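Participant: Submitted below is the structure of interest, expressed as structure tokens.
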Amino acid sequence: MVPQTETKTGAGFKAGVKDYRLTYYTPDYVVSETDILAAFRMTPQPGVPPEECDAAVAAESSTGTWTTVWTDGLTSLDKYKGRCYDLEPVPGEENQYIAYVAYPIDLFEEGSVTNLFTSIVGNVFGFKALRALRLEDLRISPAYVKTFVGPPHGIQVERDKLNKYGRGLLGCTIKPKLGLSAKNYGRAVYECLRGGLDFTKDDENVNSQPFMRWRDRFLFVAEAIYKSQAETGEIKGHYLNATAGTAEGMLQRAQCAKELGVPIIMHDYLTGGFTANTSLAHYCRDHGLLLHIHRAMHAVIDRQRNHGIHFRVLAKTLRMSGGDHLHSGTVVGKLEGEREVTLGFVDLMRDNFVEKDRSRGIYFTQDWCSMPGVMPVASGGIHVWHMPALVEIFGDDACLQFGGGTLGHPWGNAPGAVANRVALEACTQARNEGRDLAREGGNVIRSACKWSPELAAACEVWKEIKFEFDTIDKL
């Protein structure tokens, strides 16, 4: 065995463990208009200085590694490195900090959410010096926004396609979510659409199981759509889930939906992946299909307050990847969602320009450069008594989705749909007349019950149903 010998290094290179602060902590840095900015909630391990920790985050999510390498001399680190340019303690929290990191735009492939996330949240979340790390927000620079196509159509084009204006849209997830045959599934869709809903929906885990293969479902649902349209004179849709085990299978299902002439399909964007989602969004844009996006698996990523990725980031990146609808929580239903936080990322989904507002969790001003907006979908444990709050919270540009709140009606699916449609139109009219739905919403619903027995029956069934749990993720 040859004994190891000490090697003397040249004057321009010295190996060893890096002190990240020397290179990546730059509090004097002036942010460029083209930089991608990130706000991380950071919890260092005991004894690790926060400046070293946030510099490590900037390094490991950009050009850095744990030691000096001789190839650093073959490029310009000053041009390509991420920089921690600000650090602030989190009020009321021990050993927690918000670290602000700026990334040069040239670090990222144009039009690729996949590459953006691979860099910014790829390895750094497993860094040993960190006890916990959460990506709270991203500022996507206008120069980078313009490399994305975004939603296939957007809110205004969707309204034009559907010829529906002046109110929110109504939907319903077909239940039970698994186990129905394709024919019975189509029957449930027809009854809901005939009763007055605009949309029905595949549940996120309905793909192509032995009890209901995807092609059979598509055919029976298309029949239900056309039959209900003929009877009501309204344009109807069903979110046909195109999510599949392969990208080829996904596009095959999208093509089948196009050939059947249905207006909208669906994708589970987190389980399906951003690359698949962007490809599907491009297909929908080219072939005139609306794209409904479900966020299945999001709570695995975003629910913990100290670690993961906040949903406002997932919502922003979905707008970039492409989708016309996105589930956003309800504030009042069974799923997690604080009011101000939810309204913050709803604005980031819909509006063209959103100012920084820390009271709503928005860390950066975001300019979308006229990229089409995404319609928020309120779904999960809502019923007719929630309608005044939903109209007051979300306004008109939202899809309000009642699954059990439609199919659980004691008289059946169609009366359940009637009850929701009557409640929505009553609340919309009351709001337009200047009434305060936050205070008078209950009276609006009770008044509408006098001329809608379907609504009266629904109100009686769900009069005591509440989901009163404290929100985990608070500002």
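Just so it is clear, glycine is given a Cβ too, placed from its N, Cα and C backbone atoms.
In case it helps, Swiss-Prot gives these features for our protein:
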type	residues	note
ACT_SITE	Lys175	active site, proton acceptor
ACT_SITE	His294	active site, proton acceptor
BINDING	Asn123, Thr173, Lys177, Arg295, His327, Ser379	substrate binding site
BINDING	Lys201, Asp203, Glu204	Mg(2+) binding site
MOD_RES	Pro3	N-acetylproline
MOD_RES	Lys14	N6,N6,N6-trimethyllysine
MOD_RES	Lys201	N6-carboxylysine
SITE	Lys334	site 'Transition state stabilizer'
Participant: Count the Cβ atoms, other than its own, that fall within 10 Å of the Cβ of Lys175 (active site, proton acceptor), considering every protein chain shown.
Facilitator: 16
Participant: Quick one: Cα separation, Asp203 (Mg(2+) binding site) versus Thr173 (substrate binding site), in Å?
Facilitator: 6
Participant: Which ones, of the recorded positions Asn123, His294, Arg295, His327, have a Cα no more than 10 Å from the Cα of Glu204 (Mg(2+) binding site)?
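Facilitator: Checking each Cα against Glu204 (Mg(2+) binding site), the hits are His294, Arg295.
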Participant: When the Cα-Cα distance from Asn123 (substrate binding site) is computed for each of the recorded positions Lys175, Lys201, His294, which gives the smallest value?
Facilitator: His294
Participant: Give the helix, strand or coil assignment DSSP yields for Thr173 (substrate binding site).
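Facilitator: Strand, per DSSP.
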Participant: Take the Cβ of His327 (substrate binding site) and count every other Cβ within 10 Å, whichever protein chain it belongs to.
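Facilitator: By my count, 24.
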Participant: Rank aside, I only need the closest one: which of the recorded positions Thr173, Lys175, His294, Arg295, His327 has its C-alpha nearest to that of Lys201 (Mg(2+) binding site)?
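Facilitator: Considering only the listed recorded positions, the nearest one is Thr173.
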Participant: Round to a whole number and give the Cα-to-Cα distance in Å for the pair His327 (substrate binding site) and His294 (active site, proton acceptor).
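Facilitator: So the Cα of His294 (active site, proton acceptor) lies 6 Å away from that of His327 (substrate binding site).
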Participant: So among His294, Arg295, Ser379, all listed as recorded positions, which is physically nearest to Lys175 (active site, proton acceptor)? Use the C-alpha atoms.
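Facilitator: For Lys175 (active site, proton acceptor), the closest Cα among His294, Arg295, Ser379 is found at Ser379.
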Participant: List every residue in the same chain as His294 (active site, proton acceptor), at least 6 positions away in sequence, whose Cβ is under 8 Å from its Cβ.
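Facilitator: Those within reach of His294 (active site, proton acceptor), by Cβ under 8 Å and sequence separation of 6 or more, are Glu204, Asn241, Met266, His267, Asp268, Tyr269, His327.
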